[in-house]
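Inspection log for the structure reproduced underneath, given as structure tokens.
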């Protein structure tokens, strides 16, 4: 599978009268994992919706390997570009196997039968997400982490070169968050899938993404490696938060510790106390 | 919360397709579904044969078969060929049309209440038919065409009225229920303006009835079922994918607008064609999908199971209305009595659990 790149130029988009994205130009490198971060309502989900052609931009375009995505036939685009929205709802009564099989929709013609390639793609997706032994369970009976893995398995079965995910770790426990991000990293490393995801958790974004895209006020604030983008200045400008950025002791990547009013106070008290003891 | 299990199927399995556990799972599901559909079809066939045999008088099976083969049996030929056969055939065809149209709407709008007979589309078609007959003095196919136009008009009107930066299911349904009540009174008004009409005839257009149907009326219904039913079935995969939400469906390459328009037009046409012949048989469109979902599960398309359930419902309810109840009731009264409790149940049910469709 070859890696694919996504490119936007002078993108303006919004809902009705409300313009949310303003003149966004962004290049997503092929074969990389890109995380979009930013405060609430900064336009990161809107950008992902435009990238996945759920929203048609007012101006500008999105290019996938040189083709304008809004002009590609829907089915052909869906063979190359997958999208997983934030907390999707599974239809009632559907099994994991059936849900994951729906990922083959763009590969199937009107009267085409279920093929060996379809079955192999579904089997691979189920085993990659460790959902094989839950294949015959109803999706609504799964735990939150299992359910998210089932949805990712569906996206994997689609076998696209590019996968867009809107907050794939929301509502998950920390262990399931790590599990999902590890899984996406495996996918990126073994298949070369280009991954673009909106992430809330800054430290996880810095750890797992090759590239960070920091967004503020409907535009891109900074793009680059986490070492370049993830600074105390960025956290202040994008999130309006005072913080300390240190090296993650495990990965060496940047890691943010918010100061906050109370956290900072306690630390000051502690140091004063230290000094008093010394004196 | 269960820890994830890592003794998953090794990916080498994908090379042995013959012994694939997933293939077996699929086969088991398909087998179960096939069995239930076969039982439904067998019930339908048995129901048709029984309604040809039973009635005011009993006609033995051998006689029925001889009559169907073209033989003249004094005293029985007329009953079977002119009275019972048209009723059974139209019941099956109209029931299938209602079942298909109902479940298509319910699936598209992801709500069991969004059935064409609840949100006023059947009522609109009925009003259109009555208008064509009473005011325009039309008959036959012209009535069907006006019924379809009225049904589509109502669908458009509901859609337009519930549009507020997008359409939500709940608003659409409430507006549809209001429109249905309005159209019901328009039908009643039109019927009152036609004093030569019998109560039976009036009841057909208010609640649905198979009284006095002719075999000639079955042909356009059959063609409509083949044409629009076929078109709807050709989109069953897109319709199923839409159940996963618009965003997922678009991500999987479904063309939203095209799928929606195809489903709405075919479903309205199916319901309107049937309504133009039998009137708006109450609640058949509404009940068929949920009953079919109970029978076959919700892992696969409900279109064909729902068509079978609809046919069976109309056939049995009509028979019950004619012969099993103390007086003769039109089929719509019987299905109305069956459907109303379910409607009440759906409306009063806890909002946090979603529908079966």
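Just so you know, glycine gets a Cβ as well, placed from its N, Cα and C.
Taken from TrEMBL as is:
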- B:1-14: compositional bias 'Polar residues' (COMPBIAS)
- B:17-26: compositional bias 'Basic residues' (COMPBIAS)
- B:1-26: region 'Disordered' (REGION)
- B:36-58: transmembrane segment (TRANSMEM)
- B:88-109: transmembrane segment (TRANSMEM)
- B:118-136: transmembrane segment (TRANSMEM)
- B:142-160: transmembrane segment (TRANSMEM)
- B:172-192: transmembrane segment (TRANSMEM)
- B:212-233: transmembrane segment (TRANSMEM)
- B:302-321: transmembrane segment (TRANSMEM)
- B:327-347: transmembrane segment (TRANSMEM)
>> How about the transmembrane segment (B:172-192) with the transmembrane segment (B:212-233) - do they touch, taking at least 3 C-beta pairs under 8 Å (6 or more apart in sequence) as contact?
In response: no
> Where, among B:36-58, B:88-109, B:302-321, B:327-347, do we find the most CB pairs under 8 A to the transmembrane segment (B:212-233)?
Replying inline: B:88-109
>> Which sequence-distant residues neighbour the transmembrane segment (B:36-58)? Criterion: at least 6 residues beyond either end, Cβ under 8 Å.
In response: 64, 68, 76, 79-80, 83-85, 87-89, 91-92, 295-296, 304-305, 308-309, 311-312, 315-316, 318-319, 322-323
